[in-house]
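Visitor: Not my notes, these are from TrEMBL:
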- B:141-204: domain 'CBS' (DOMAIN)
- B:205-261: domain 'CBS' (DOMAIN)
- B:287-307: transmembrane segment (TRANSMEM)
- B:319-340: transmembrane segment (TRANSMEM)
- B:361-383: transmembrane segment (TRANSMEM)
- B:389-414: transmembrane segment (TRANSMEM)
- B:426-449: transmembrane segment (TRANSMEM)
Number of protein chains: 2
Amino acid sequence: MTPFKLTDELIAEINLLIAENNAGALLDMMSDLHYADIAEIVHELDDVEAVYLIKLLDSETTSDVLAELDEDVRETILRKLSAKEIADELLELDTDDAADIIGELPKERVSEIISQIEDREHARDIVDLLRYDEGTAGSLMAKELVKVNENWSVLTCVKEMRAQAENVRRVHSIYVVDDEDKLKGRLSLKDLLTTSTRTAIKDVYIPKVDYVSVNDEAEEVEKIMSKYDLEAIPVIDELGRLVGRITIDDIVDFIKDEAEKDYQLAAGITQDVEADDSIWELTKARLPWLLIGMLGGLGAASIIGGFQDVLTQYQALVLFIPLIQATAGNVGVQSSAIVVQGLANDTIKGELWGRLLKEGLLGLVNGLAIALIVLLISHFAFGTTYFESATICVALVSVVIIAALIGTFIPIFLDKRGIDPAVATGPFITTSNDVFGILIYFLIAKMILGF
Amino acid sequence: MTPFKLTDELIAEINLLIAENNAGALLDMMSDLHYADIAEIVHELDDVEAVYLIKLLDSETTSDVLAELDEDVRETILRKLSAKEIADELLELDTDDAADIIGELPKERVSEIISQIEDREHARDIVDLLRYDEGTAGSLMAKELVKVNENWSVLTCVKEMRAQAENVRRVHSIYVVDDEDKLKGRLSLKDLLTTSTRTAIKDVYIPKVDYVSVNDEAEEVEKIMSKYDLEAIPVIDELGRLVGRITIDDIVDFIKDEAEKDYQLAAGITQDVEADDSIWELTKARLPWLLIGMLGGLGAASIIGGFQDVLTQYQALVLFIPLIQATAGNVGVQSSAIVVQGLANDTIKGELWGRLLKEGLLGLVNGLAIALIVLLISHFAFGTTYFESATICVALVSVVIIAALIGTFIPIFLDKRGIDPAVATGPFITTSNDVFGILIYFLIAKMILGF
């Protein structure tokens with residue numbers, strides 16, 4: 001398959017066709033494209049062009065394109081559509097996508113749009129989904145699913161399913177409920193293919209079924225679905241009633257978003273920014289972390305200021321400030337990254353003390369390796385005295401060990417307090433280790449060089 | 001659902017049951033558990049216990065557990081099983097999982113095991129999969145799929161499908177091929193549910209089908225499947241023949257693995273290590289990056305050594321070495337992380353120069369903000385002279401801009417050369433920026449303070 005490729009030429013051609021008001025040629029071009037590709041194109045158009053193109057497409061395509069767009073682009077477009085137009089688009093979408101789109105709009109607008117949705121059941125389902133907090137299973141689920149009553153015969157079941165399947169894009173499992181709508185089990189489509197139609201549902205359904213609760217955390221849902229290789233999972237409410245299902249494509253998006261967020265946090269970037277965002281957006285996401293680093297740098301400056309006497313007498317020590325600082329920062333980031341990942345994967349078990357001991361040992365090994373090399377180089381290349389070399393090496397080993405301990409302790413501590421440990425990687429750890437590293441360096445210098 | 005929770009008590013109980021050779025109670029306990037949970041338990045057992053438990057389970061469960069285990073644990077267990085025993089396990093697995101397991105073993109062992117697999121077609125399929133390079137679509141695919149000939153009637157098709165579906169864990173799509181086995185299109189299960197059985201395949205199949213080629217990169221497959229929300233994608237060979245399919249659960253694993261690898265690379269950790277790996281494994285993954293940082297630190301030491309004259313006269317400049325260095329490192333990591341992510345998502349478009357200009361501007365804004373604060377603090381809290389303050393501030397702004405440019409340029413440069421830009425984040429960027437930052441600081445000091 002030749003994947004769709006967005007080129008400057010293609011965009012130029014579309015710009016031209018829009019300028020010429022050549023609806024026919026545009027529709028021709030779009031009819032060959034997947035809605036995800038059209039969404040990519042819309043991202044490259046200006047507001048007026050985007051609305052022109054969106055209004056040109058048939059309602060089903062438009063709704064799918066809208067669901068794919070980035071929030072900010074979608075907001076601009078929705079502002080130019082009437083409540084009735086938006087209501088018609090929502091009708092074409094699955095309830096989860098519809099709820100995501102409408103959830104971003106101002107409250108009065110939402111009521112206006114909801115009141116215009118023709119299919120009242122669909123409208124009720126969307127309103128129902130708006131109740132759930134972001135980051136819960138309820139906020140990820142869709143109301144579309146295929147369910148059958150355990151008291152039905154397979155024949156009734158197949159008939160009912162055919163009707164229900166019309167509203168469901170993809171049938172994963174057929175869920176079995178009792179008369180009170182409580183989830184009892186599932187029927188697999190494969191079983192359906194290979195089972196005689198005369199069998200009774202009660203006798204064929206699989207009573208073992210994985211499920212999550214509306215209030216479970218999205219992260220928990222992701223872990224269950226990945227671990228057990230599920231493509232869909234039913235969601236029950238507080239009373240055990242089947243209220244929705246979450247499909248793997250939503251989980252794929254969730255995993256990718258979370259991975260991006262963690263990666264950015266580790267690099268000292270808050271908010272979900274992209275390279276193409278405005279300088280103002282990027283500054284908001286980056287400057288706060290730089291200011292943390294600045295405070296650390298000023299802290300280090302005061303520490304060095306406090307040890308002027310050492311520096312005046314042993315000027316060679318100045319040379320190795322960057323080495324101490326860089327090593328402390330690097331070790332801290334390594335330790336914290338491993339712990340943050342371990343916490344995310346639930347592979348951090350056992351006691352805190354055992355883990356700290358192990359990190360300490362690891363620090364000792366790495367610290368000694370580095371110190372040995374630095375010992376030789378500092379002595380022969382920089383002509384430091386024995387005492388100065390000793391200071392640098394003892395400081396290096398200590399700094400590596402302490403940086404490893406800090407990098408291990410802080411994420412675990414935050415996690416226990418219910419704070420996302422991912423914030424404690426990157427600049428945060430680097431900065432605290434910079435300051436501690438330099439303090440340790442000069443304290444050891446004072447001890448060894450005898451003040 | 002109460003998710004399975006691995007506790008120390010549970011492991012202690014299992015240890016005891018194994019020691020008592022209480023097979024009945026163990027099997028009872030395991031029968032309630034999912035194979036993924038049993039795999040978690042096996043990871044906590046010692047070799048002898050693990051083999052005992054594995055041999056106790058029925059062949060289907062054992063094979064699924066084996067497929068879930070970490071490579072190193074699996075290797076230990078496989079070494080204690082005979083070729084025949086392994087062959088019987090492989091028979092129970094899908095071809096892709098079987099190929100993954102057998103692919104790790106020494107060549108002679110592989111031939112021995114393959115020759116013992118009873119189902120010769122299954123054996124041929126596994127051997128076929130071993131041919132593909134890691135990281136290609138061929139290495140991710142399984143041979144199990146449901147395919148029908150375009151010349152069949154729906155009746156023949158349903159009959160054939162029932163037979164084929166027996167060998168396929170999950171039926172996603174029914175692929176349609178011609179007499180030469182070339183992929184023509186697909187039938188959806190939903191269509192099958194809602195279409196009369198008298199229709200001819202030729203008249204109902206959907207000729208538009210996404211597919212990938214055996215040699216396409218896994219990353220490309222991931223992008224197509226996530227973008228178009230596919231749960232399975234057919235794979236064709238060089239002649240256009242349908243040879244396998246890739247399912248979304250394999251892609252979920254791939255996405256998670258890649259995200260972990262990138263996160264670790266950004267933190268200066270190579271290889272796929274976990275918090276519970278040995279100190280030796282962890283050292284191998286971490287020390288090389290610390291040595292890069294060490295070289296940078298020594299480089300910085302030589303630079304400072306070259307500016308002894310400046311330092312002797314303006315001692316206050318020493319205080320701000322950590323600040324300059326920390327800021328340079330933080331900015332570099334931020335810039336490179338954004339670029340690396342943009343490259344991974346294909347959102348980095350347009351010219352290199354435009355991007356560098358934007359990063360330069362962003363650096364100017366952030367740099368000025370930081371410099372202003374430092375100007376006030378250095379003057380009032382540290383009593384630096386006007387010229388010293390000017391030096392520090394001009395250096396800060398320059399360092400931020402240059403660090404941003406380096407952080408942007410290096411990943412793009414590596415990407416153009418075909419090198420994974422993710423290696424250029426973390427310690428690599430921090431180190432180069434440390435060195436450049438300090439060099440710039442002293443060069444500017446020389447200029448402003450007039451040497």
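In case you wondered, yes, glycine gets a Cβ from its N, Cα and C as well.
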Visitor: Take the domain 'CBS' (B:141-204) and count its residues per DSSP category (helix H/G/I, strand E/B, coil), listing them in that order.
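Guide: Per DSSP, the residues of the domain 'CBS' (B:141-204) fall into 22 helix, 19 strand, 23 coil.
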Visitor: Given the transmembrane segment (B:389-414), which of the listed stretches B:287-307, B:319-340, B:361-383 has the most Cβ pairs that are under 8 Å apart from it?
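Guide: Checked against B:287-307, B:319-340, B:361-383; highest Cβ contact count belongs to B:319-340.
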Visitor: On the DSSP side of things, how many residues of the domain 'CBS' (B:205-261) fall into helix, strand and coil, could you say?
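Guide: For that range the per-state counts are 24 helix, 16 strand, 17 coil.
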Visitor: Within the same chain, where does the transmembrane segment (B:361-383) have neighbours whose Cβ lies under 8 angstroms from its own Cβ atoms, ignoring anything closer than 6 residues to its ends? I mean 6 or more beyond.
Guide: 316, 319-320, 323, 327, 331, 389, 392-394, 396-405
Visitor: In the predicted model, what is the mean pLDDT computed over the domain 'CBS' (B:141-204)?
Guide: 81
